[in-house]
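Worksheet for the structure shown next.
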């Protein structure tokens, strides 16, 4: 059942329009500097995240796992991330926790020297049944440096087979975050300031905002036959707005949800992210080959480097202090 649903989600994301109707990254304009500060080739993209050194502030964010097609997808991504020295997160490992024979669709990434590997389990499952045993299994399965707990309650609420129970979740999270490196991850609806403050106080080590701008899982459910998905297609907090309201909390942030290119990566970094997470833009290439993924990511890295160059910064740290203008719908959010 879960395996079939995962493959169905993947195919819908590839074949249908599941994007939010507005990409809020387009409302962030980084100001141009007429005379750059350094030669383009001397721009440094190196960053550190949770004590791990990456060659660029990019992570290929959670996508899939738990079915036959996923093994090749994850291996292609793993090879590319190892080659380029960037991070990788796997999709929800729930199905492999429950079916050991599917572990290799995730564990295949252990064969590659990826500088940052993130595991993935769902908060709904933690509420209902999962605890330390399952978290350890997920971490060990891919030799993860940290584990993302995804909060996909929008999808769960409109999914016929969804799990929408939250009673007792916060107390459980506090206990688990005290023992394991946990990252709170949204899945397209964004992280609120209130939730961000809770996650930090509970002991989470980072937040992956994944807000409105990219893939809408309400839209995915709409294509699976759920009319509620159309109603809630654009529900949530815009990705850049999430970064702006969370950066004062002083916890490492991954800017994700609608990241399409190196310019969007730069926008996320300028608004306070330590890394930018990319998923949907990589998916078609991950179906093809490691080289296809590498070529796509190299273009994104090149675009990021050019943006830093044209902003007058010399590295990622300086880009975080770059001047920018906010316009349009995102500006309206900031007025409220």
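Backbone N, Cα and C atoms are what each Cβ position is placed from, and that goes for glycine too.
Taken verbatim from TrEMBL:
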BINDING   5, 6, 92, 93, 94, 155  substrate binding site
BINDING   62, 63, 64, 92, 120, 185, 210, 215, 258, 259, 260, 279, 280  FMN binding site
BINDING   156  Mg(2+) binding site
DOMAIN    250-322  domain 'FMN-dependent dehydrogenase'
Between residue 92 (substrate binding site) and residue 120 (FMN binding site): CA-CA distance (Å): 5
Assigned conformation of residue 64 (FMN binding site) - DSSP reduced to three states: coil
Local backbone state of residue 120 (FMN binding site), from DSSP in three classes: strand
Residue 156 (Mg(2+) binding site): tally of other CB atoms within 10 A of its CB: 20
Inter-residue Cα distance where the pair is residue 94 (substrate binding site) and residue 258 (FMN binding site), in Å: 25
Winner by Cβ contact number (other Cβ atoms within 10 Å) across the binding-site residues 64, 93, 120, 155, 210: 210
DSSP helix/strand/coil residue counts for the domain 'FMN-dependent dehydrogenase' (250-322): 39 helix, 9 strand, 25 coil
Spatial neighbours of residue 280 (FMN binding site) that are distant in sequence (at least 6 apart) but have CB under 8 A: 13, 19, 214, 215
